[in-house]
Amino acid sequence: MSGLLCYCRPGFEPELAAELSVRAAFVGIAGYARTQRNDGYVLFVCDEAAQLAAKLQWRELIFARQKLVVIAELKGIDPKDRITPILAALDGQQRFGDLWVEHPDSDAGKPLAGLARSFGNALRPALRKAGLLTDKPQPRQPRLHVCFLDGDHALLAVADSADSAPWPLGIPRLKLLPEAPSRSALKLDEALLTLLTPEERDALVKPGMRAADLGAAPGGWTWVLTRQHVHVTSVDNGPLREHVLETGLVEHLRADGFHWKPAQPLDWMVCDMVEQPRRVAERMATWVREGWCRNTIFNLKLPMKKRWDETRLCLDLFEQQAERSLSVRAKQLYHDREEITVLAMRD
C-alpha cells in the first residue's frame with residue numbers, strides 16, 4: 001500500500017484527517033483518510049505518497065506529531081516469527097540510517113510498548129545482516145519506522161530525518177523541573193523546540209532581548225523566557241511566584257493582558273490566556289500590525305466541535321488582520337490539550 005502515516009493526539013483524528021485531505025487536494029494529489037477516533041494516528045491513502053510528503057512539510061502540519069511515508073502494511077503476522085515477513089516486505093529497499101519501533105500513543109497502542117522495545121532489539125541485527133540498516137545511526141539516510149497497531153498488525157514506513165519529528169512517537173520527552181511555576185511551562189518549552197529550527201532559536205531567542213507575557217500568572221511562560229536570559233514584562237492581575245520575580249529579569253504589571261500595550265516595540269510577545277480563540281487571534285494580530293512585537297507565540301483554545309474549521313478561521317483571521325508579511329506555523333503540541341500553539345515571525 002502507499003500513503004502517509006501521521007501520529008496525533010488521541011481524539012483529534014478527525015481534525016488531522018481533514019487537514020491532510022484539504023492540504024493534499026490543494027497540491028493536487030488525490031487520496032482519502034483511514035482512521036477511527038482515539039486511534040492516535042491517521043493513515044492517508046494515496047498513490048503519490050512520496051510526492052505528497054515532500055509538499056507537506058512536517059513543521060507546517062498542525063495536528064500531526066509525526067509524518068511518515070508508508071511502504072507496507074503487514075496483517076496476520078505470526079507472533080513466533082515477525083522478522084521474516086518484515087524482511088520480505090523490505091526486499092529491494094535502500095539501506096536505512098536508523099530504526100524506530102513504535103506504537104500509537106493511545107489506550108489501545110500503549111500496551112504494545114513492551115513489544116516495540118523487545119522487538120526492536122531483535123529486528124536491528126537482522127536488518128544489519130540483510131544489509132538494510134547501517135551499523136551506526138546515520139541521520140542523513142532515511143529512517144525506518146515499524147509501527148505496531150496490534151501484535152499481528154504493523155505498518156512499515158520511512159522518514160526523512162530533516163522533515164520529521166526527531167523524537168519517537170513524535171513526542172519530546174521534556175522534564176518538568178521542580179522550580180517551574182506551573183505545568184504550562186512545558187508548552188512554551190516544547191513550542192520553542194518544535195516550531196523553531198535550531199538555527200532560528202539561536203537567532204531569535206537571545207540573552208538581553210525583551211518580551212511581554214500576557215496573562216502571565218503564575219509565571220510558567222515568563223520563567224521559561226528568563227531561563228533564556230530574556231527580560232520579561234509579565235502582565236496579569238494575579239500573582240507571580242516569588243522566585244520568578246527574584247530572577248531580576250521580570251517586571252510584573254498588574255493589568256489586563258488583553259488591553260495593555262508596551263511603550264516600546266518588543267522582540268517577543270507570548271500569550272496563554274483562556275479566552276475565545278477568535279478574540280485572541282484578533283488581539284495577537286493587533287500586536288503584530290501595530291509593531292508592538294516582532295515575533296509572537298500564543299495559544300488558541302479550541303471548541304469541542306468543528307475544531308478544524310475554527311483553526312482555519314482563526315489563523316486566516318490572524319494573518320488578514322496582522323497586515324504584515326509573516327511566517328506562521330501552528331502545532332497541537334504534546335503538552336497542549338484542547339488547543340493549538342501558534343508561532344508568527346516577521347519576515
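Numbers run from 1 along the shown chain.
Yeah, the Cβs are placed from backbone N, Cα and C, and that goes for glycine too.
What Swiss-Prot annotates here:
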- S184, A217, P218, G219, G220, D236, D256, D272: S-adenosyl-L-methionine binding site (BINDING)
- K301: active site, proton acceptor (ACT_SITE)
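Following the DSSP three-state reduction, the secondary structure of G220 (S-adenosyl-L-methionine binding site) is helix. In the three-state DSSP classification, the residue listed as 'active site, proton acceptor' falls within a strand.
Neighbour counts of Cβ atoms within 10 Å were compared across the binding-site residues P218, G219, G220; the minimum falls on P218. In sequence order, S184, K187, L188, G215, G220, W221, F298, N299 make up the list of same-chain residues 6 or more apart from D272 (S-adenosyl-L-methionine binding site) whose Cβ falls under 8 Å from its Cβ.
Spacing of A217 (S-adenosyl-L-methionine binding site) relative to K301 (active site, proton acceptor) is 17 Å (Cα to Cα, whole number). Taking the C-alpha positions, the distance from P218 (S-adenosyl-L-methionine binding site) to the residue listed as 'active site, proton acceptor' comes to 19 Å.
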